[in-house]
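Undergrad: Could you have a look at this structure, given as C-alpha cells, before my questions?
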Amino acid sequence: MTTTASRGSVAVTAAAASSAEALREGIAEFYNETSGLWDEIWGDHMHHGFYDPDSSVQLSDSGHREAQIRMIEESLRFAGVTEEKKIKRVVDVGCGIGGSSRYIASKFGAECIGITLSPVQAKRANDLATAQSLSHKVSFQVADALDQPFEDGISDLVWSMESGEHMPDKAKFVKELVRVTAPGGRIIIVTWCHRNLSPGEEALQPWEQNLLDRICKTFYLPAWCSTTDYVELLQSLSLQDIKYADWSENVAPFWPAVIRTALTWKGLVSLLRSGMKSIKGALTMPLMIEGYKKGVIKFGIITCQKPL
C-alpha cells in the first residue's frame, strides 16, 4: 500500500524534475536568442574581462576584448596551468560559442571538447572552429553539465568559465567536474557568487536576496551560492591544492562597458533585432553593477587538483 508520505515524496521529486527541465529549456532558449547579439558586438568570448583594480583608463572595444583574453590567461596562471604541464585534453563546461576552447587549443595544442545547452551556440562554435582551421582540435555539442556524456577521467583540464551560476545542483555539478577529470588533472571554476556569509549568518539579508532574485528571472539562474560553498564541496570530495580568490575588483569595469556598447547606435539596432530576452538582459545589467558595488555579488575563481 502506498503511504501518504511516499506519495508526497514522489510528487516533490516530480516537481523538482519538472523545475530542472524548465530551467534547462529556459537557459537554452535564452542563449539561442542572445548569443548572436553578443557574438556580433563582443566577439568570441562570452565572459567578463580581467582589468587592473581601480583602473581609470577608458578602454576601446579592442581593449575590452583584450581584457577577456586576459581573463583566460589569469585563470590559467592562478591555477598553475602552463605549457610545461603538457595539457592534452580539455573539457569546456558551458562553452558558449567556444572562445575559451579555441584559445586553449591554440595555446597548448590540446584537444578541447565543449558542451552547452544551446544548439545555436554549439553550431556557431563548430562553425568558428572550422573557419579558424581548428576543427581537428576542438568540437562542441549539446549536453547537460550535470550529466556529461563523457567517460570517467578523460580530461587533463576541466574548464568552467561563468557557467556554474546556471547550475541548480551545485554539488552534482562539482561531482561531474571531478568525475571527468583525470587523476592529477586540474579543475578551474570561474563563476558569479554571492558574498560569503558572516559568522552567525544563516542567509543573505532580504534586500540582498531580492536583488539576486530579480537578476535570476532575466538570466535563468537558480539559487546562488558563495565561494566558500564551492570550497567546502571540493573539500568534501578530498580534492587537493584547493585555491580561491575574489576577482570582483578586477571585473568591475566590464558591465559598464557592456551597457555603453548597448547604448551605441549599432548596439541599439542589434538589441532590438535580437529580441525580448536580449532587451530584458540589457535592462537587468544595472542590477549586476549594483550587486558588485554593494558587495552582494562576487566574482570568484576556485581551482583544485584531483588526486593521483
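Along the chain as shown, residues are numbered 1 onward.
Every residue, even glycine, has its Cβ placed from backbone N, Cα and C.
Keep in mind that this is a model prediction, so the values were computed, not measured.
Copying in the features that TrEMBL gives for the protein in this structure:
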| type | residues | note |
| --- | --- | --- |
| DOMAIN | 91-189 | domain 'Methyltransferase type 11' |
| REGION | 90-99 | region 'SAM motif I' |
| REGION | 153-161 | region 'SAM motif II' |
| REGION | 180-189 | region 'SAM motif III' |
Undergrad: Could you give me three numbers for the region 'SAM motif III' (180-189), the DSSP helix, strand and coil residue counts?
TA: 1 helix, 9 strand, 0 coil
Undergrad: Report, as numbers and ranges, which residues of the same chain sit near the region 'SAM motif III' (180-189): CB under 8 Å and 6 or more residues beyond its ends.
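TA: Cβ under 8 Å, 6 or more out: 75-76, 78-81, 85, 91, 148, 150-161, 164, 174, 230, 239, 300-308.
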Undergrad: Grab the same-chain neighbours of the region 'SAM motif II' (153-161) for me: Cβ-Cβ under 8 Å, and only residues 6 or more beyond its ends, written as numbers and ranges.
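TA: Same-chain residues near the region 'SAM motif II' (153-161) but 6 or more away: 47, 71-72, 75, 81, 85-94, 96, 100-101, 104, 110, 113, 145, 177, 179-183, 185-191.
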Undergrad: With DSSP as the reference, give the number of residues of the region 'SAM motif I' (90-99) in helix, strand and coil.
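TA: Helix, strand and coil residues of the region 'SAM motif I' (90-99) number 1 helix, 4 strand, 5 coil.
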Undergrad: Can you count helix, strand and coil residues in the region 'SAM motif II' (153-161) using DSSP?
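TA: Computed counts for the region 'SAM motif II' (153-161) are 0 helix, 7 strand, 2 coil.
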Undergrad: Looking only at the region 'SAM motif III' (180-189), what is the model's average confidence as pLDDT?
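TA: Across the residues of the region 'SAM motif III' (180-189) the model's pLDDT averages 98 on the 0 to 100 scale.
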